[in-house]
Amino acid sequence: MSDSASDAVSFLPLGNAPQSSAIGLYARATAGFDARLDETRALLREAHAQYGDGLLQSSSLGAEDMVITALLAELQLPVAVATLDTGRLHAETLALIPQIRAQYGIEVQVFTPVADAVVHFVKTRGENAMYESLALRKECCGIRKLEPLSRMLAGRSAWITGLRREQSANRAEVPFSEPDGQGRTKLNPLAAWSWADVWYFIQTRAVPYNALHDQFMPSIGCAPCTRAIAVGEDFRAGRWWWEDENAKECGLHKSKSNEELKSGATA
Ligand code: SF4
């Protein structure tokens, strides 16, 4: 692990992170919310009408994805909901799976990496190799995220994500609908939502959410690659914080060929 990554990890260890309330901090009714909500509902209805069983929600179990799952339940759209359990997620993230079942009666499909590939990577590269180089971090994301994602999406014609334009400069142009580069359509029904919108919806509908959002973690991924952010930092500053700003995507939302996805070469 590099010194900078090590320092950052010890700066805000999870158990000692400051407590807050994400709802108290972020939830606000802002102008245009009702119109954005109506637009999102219409997009989800249209997507289900168009793609039927070919449609799937790929959920990270983050706040945005919890909003989408709640909307699918509210609209009674029988859309499959799936997530990736990389083997490095926080317990607080995994705890949402039974909560979704209890609150909405939705059974989240869980996709995991190939065990042999993980064992080989850890044995040869080390458990925390992601801190050593960008190439090793991408290799880890390739094994733990991209390969299972390719199985998750097999046989589907469209998938729903929680991407929003406001999340980062890299996502500033996110459209409501786009080709994913592998013959499917990727739908981003919350593209125009603000962070205040997300939390206003969560507050007013009592949507379950990751307890780590109350510990200054707006964007939550794997435990070794997520830290709390400080006041004034960017939304995704706590993800792969030791890397250059332009590298901070895992590849799940780039338009890549199947071979690239499987190899994780360009995550
Ligand atoms: S986010 Fe970190 S732990 Fe998770 S797959 Fe990528 S490099 Fe590995």
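Backbone N, Cα and C define each Cβ position, glycine as well.
Listed features, source TrEMBL:
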ACT_SITE  CYS250  active site, nucleophile
BINDING   CYS140, CYS141, CYS222, CYS225  [4Fe-4S] cluster binding site
DOMAIN    56-228  domain 'Phosphoadenosine phosphosulphate reductase'
Number of Cβ atoms other than its own within 10 Å, given for CYS141 ([4Fe-4S] cluster binding site): 24
Sparsest-packed of the listed binding-site residues (CYS140, CYS222, CYS225) - C-beta count within 10 angstroms: CYS222
Within the predicted model, mean pLDDT of the domain 'Phosphoadenosine phosphosulphate reductase' (56-228): 96
